[in-house]
């Protein structure tokens with residue numbers, strides 16, 4: 001894996017981990033499962049006609065099965081080894097950018113179970129050009145304990161030599177000498193473009209090397225083509241074709257941490273802060289951080305302020321101060337420009353505020369702080385998934401396969417044509433250069449455009465005289481356990497509702513408070529500063545409305561509630577069902593009702609994600625990092641960690657994947673004493689290696705009898721003399737803390753979308769009476785793959801396991817084998833293929849789920 005050739009980010013380590021385990025030969029065949037192999041007998045596998053080359057099967061270690069039309073690739077560890085022939089071409093991972101998440105990519109790519117040897121290239125393309133000791137073979141243990149490490153363990157460097165043909169010629173010679181014909185490149189658009197050029201020139205470079213006598217004709221024929229797969233590593237999130245690049249979420253964590261800290265001093269001294277964030281010519285970080293902290297103003301290169309922005313900004317700041325707001329936050333993207341493409345600098349903005357308003361103003365340039373620190377849980381999981389996908393893409397590649405880039409679309413990993421994605425990325429810059437700023441925003445994708453529109457609606461309040469009154473009252477209520485991001489969701493709902501002309505009413509303390517009349521009208525300024533607050537300011541309880549139906553109906557009649565927005569977990573879902581069933585008896589409930597899922601358990605039917613789950617996942621991951629550090633220091637120690645979630649194993653499974661756990665016990669995957677014994681034996685073998693620590697996660701309700709205490713005692717007894725054991729119950733700390741950037745923006749956008757739905761429903765009923773009785777008037781708003789969808793609760797009933805309070809089908813279970821593979825267990829894993837190309841062509845016509 002060549003090191004990274006660009007700027008550092010934070011998360012390349014998990015990518016490298018996945019790649020080493022799956023490193024593969026250039027030419028490979030399936031179906032090796034047709035053969036019965038024992039000992040060290042070698043046999044050439046039968047190949048489908050669409051593939052070329054050979055596959056050698058040696059020793060019972062790995063099995064690879066590829067089914068026509070090659071849509072699913074299943075990897076079975078501990079069966080057969082594919083590509084064991086030392087003379088076969090090998091696979092290499094190149095890291096070209098230093099990102100927070102690259103460690104996860106490297107871990108994932110190097111551990112995916114298919115190959116025997118996986119060189120890495122320290123110092124990016126420079127290492128590939130220099131060769132020698134810069135190309136290092138990686139193994140399983142070499143990528144252990146790097147998930148939590150920022151930057152990239154294999155180094156990164158910018159390489160001028162690789163931009164010339166002479167440099168690429170030298171790089172080709174070094175790769176051929178080591179039999180490397182597969183490149184996994186982690187970097188930005190420049191790095192990926194360079195890799196594609198290298199791939200196109202490959203055959204010509206080999207011919208030139210042969211003419212110079214540096215390689216022979218046999219090597220030219222043997223290594224006749226080069227496969228390239230890219231993974232986008234950039235904190236800027238400026239690459240078209242993917243909803244999120246590796247490292248972006250971690251950079252947002254650093255930005256929000258700084259903003260939260262600055263807000264404390266700004267409020268104390270009544271100051272204005274101008275914060276400059278990175279991003280080059282992309283305003284994603286500035287826009288999303290402004291949305292996450294409720295900034296007063298934001299400057300973006302894609303959407304320059306209109307002429308006269310100086311006066312407009314000063315008016316906005318003074319209005320906010322008039323509302324007794326003690327601080328002002330202005331976010332500036334480092335590439336911010338005006339409509340004439342002239343730079344707008346932080347110092348220029350400071351001088352304007354000081355001169356025009358006389359406010360005490362400070363400038364803070366975050367700089368490379370954004371590239372450092374520990375990778376977020378989102379980045380670790382994203383990078384691990386992409387690492388596996390990249391290696392499988394190389395396994396499936398043929399000489400005719402175009403270079404691809406592994407991307408994220410909603411919650412799905414997809415492969416897209418590298419050339420088209422790079423071209424779209426370059427088109428954005430071209431549009432900005434030509435001052436076609438609307439086109440630039442659209443080319444960034446619908447998610448960027450939605451973020452921008454949402455920010456404008458929430459940050460800029462129109463004069464009351466300009467807002468058309470709807471004469472509708474909308475109630476907002478929190479139900480269930482507290483979840484980080486609830487307050488951001490309430491803020492968005494209130495402000496969007498007011499902007500649509502509604503009167504907004506806050507209901508305190510859940511359905512119980514609703515029944516007691518704890519209802520108050522809430523205004524635009526009342527929710528200022530709520531975005532970064534954890535827990536639930538409105539108050540929330542698990543009480544269901546069933547025994548308060550008459551009282552709640554009376555309160556809705558008293559306050560003329562025309563629609564209801566419920567933000568909460570499974571109790572909110574059950575409450576919505578009870579209100580729906582009571583419509584025949586109480587006509588007050590015949591109004592539009594919509595639920596926005598908010599629970600750390602992520603167990604609400606109809607949505608792949610819930611507000612609060614990401615914050616809880618980061619809390620678990622951070623705690624596991626600390627515990628792993630303790631275990632590594634004491635040696636030969638295994639920790640048993642209990643997570644929340646009820647019967648839903650989302651936190652345990654995804655937390656285990658993000659933290660690099662050896663096992664995770666969940667309710668959805670039944671286990672018995674034999675499984676526990678196998679895990680103990682696995683850890684016993686692990687203690688014989690250089691990695692002498694273990695981490696096991698357990699969902700709190702995964703088994704009635706195999707409790708945390710039982711598993712702790714079993715591990716302690718069976719591991720006696722080999723390792724000792726400790727246990728930790730994380731408890732309610734998973735519900736607390738400041739919301740993560742993801743949860744802030746997720747809550748904001750979900751509630752904004754829910755209020756748009758309510759407004760549409762209310763407008764449809766004008767002149768037709770306001771009685772809603774159809775199923776589609778009482779819904780759950782959720783994310784399904786890449787789309788925001790409204791699902792009637794009546795339709796969701798058949799998809800719900802009410803006894804265990806979980807959906808019957810859960811998407812994240814498909815990722816469970818990945819955690820097992822990375823922990824060196826026998827497992828199968830299904831991956832995607834390259835059929836999702838319409839994401840490039842029709843991106844602007846979708847409503848993506850990415851935040």
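Placement of Cβ uses the backbone N, Cα and C atoms for every residue, glycine included.
Curation does not apply to TrEMBL; its annotations are automatic.
Some features that TrEMBL has for this protein:
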- 1-460: region 'N-terminal catalytic PFK domain 1' (REGION)
- 122-393: domain 'Phosphofructokinase' (DOMAIN)
- 158, 159, 188, 189, 190, 191: ATP binding site (BINDING)
- 189: Mg(2+) binding site (BINDING)
- 234, 235, 236, 271, 278, 279, 280, 334, 362, 368, 369, 370, 371: substrate binding site (BINDING)
- 236: active site, proton acceptor (ACT_SITE)
- 473-851: region 'C-terminal regulatory PFK domain 2' (REGION)
- 473-758: domain 'Phosphofructokinase' (DOMAIN)
- 542, 599-603, 637, 644-646, 700, 726, 732-735, 805: beta-D-fructose 2,6-bisphosphate binding site (BINDING)
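Taking the features listed in TrEMBL, we show where each one sits on the structure.
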residue	record	Cβ neighbours (10 Å)
188	ATP binding site	27
190	ATP binding site	17
236	substrate binding site	27
362	substrate binding site	15
369	substrate binding site	16
371	substrate binding site	23
542	beta-D-fructose 2,6-bisphosphate binding site	17
601	beta-D-fructose 2,6-bisphosphate binding site	29
637	beta-D-fructose 2,6-bisphosphate binding site	21
646	beta-D-fructose 2,6-bisphosphate binding site	21
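If you take every residue in the region 'C-terminal regulatory PFK domain 2' (473-851) and average the pLDDT, you get 91. The substrate site in the record is lined by 234, 235, 236, 271, 278, 279, 280, 334, 362, 368, 369, 370, 371, and its two most distant CA atoms lie 32 Å apart. Under the DSSP three-state reduction, residue 190 (ATP binding site) is assigned to helix. Mapped onto three states, the DSSP output places residue 735 (beta-D-fructose 2,6-bisphosphate binding site) in helix. In this structure, the CA atom of residue 371 (substrate binding site) is 40 Å away from the CA atom of residue 542 (beta-D-fructose 2,6-bisphosphate binding site). In this structure, 732 is the one among the binding-site residues 158, 280, 732 with the smallest number of other Cβ atoms inside 10 Å of its Cβ. Neighbour count (other Cβ atoms within 10 Å of the Cβ, all protein chains): 20 for residue 735 (beta-D-fructose 2,6-bisphosphate binding site). Of 159, 188, 601, 646, all annotated as binding-site residues, the residue with the shortest Cα distance to residue 234 (substrate binding site) is 188. Residues 158, 159, 188, 189, 190, 191, recorded as contacting ATP, have a largest CA-CA distance of 15 Å. Counting Cβ atoms from all protein chains shown, residue 234 (substrate binding site) has 29 others lying within 10 Å of its own Cβ. Residue environment of residue 159 (ATP binding site) contains 25 other Cβ atoms, counted within 10 Å of its Cβ in all protein chains.
The candidate set comprises the binding-site residues 189, 191, 278. Of these, 191 has the most other Cβ atoms within 10 Å. Of all the binding-site residues in the record (159, 189, 236, 280, 362), the one with the smallest CA separation from residue 646 (beta-D-fructose 2,6-bisphosphate binding site) is 236. Candidate binding-site residues: 189, 190, 191, 280. Nearest to residue 735 (beta-D-fructose 2,6-bisphosphate binding site) by Cα distance: 280. Per Cα geometry, 369 is the residue among the binding-site residues 369, 542, 732 nearest to residue 190 (ATP binding site).
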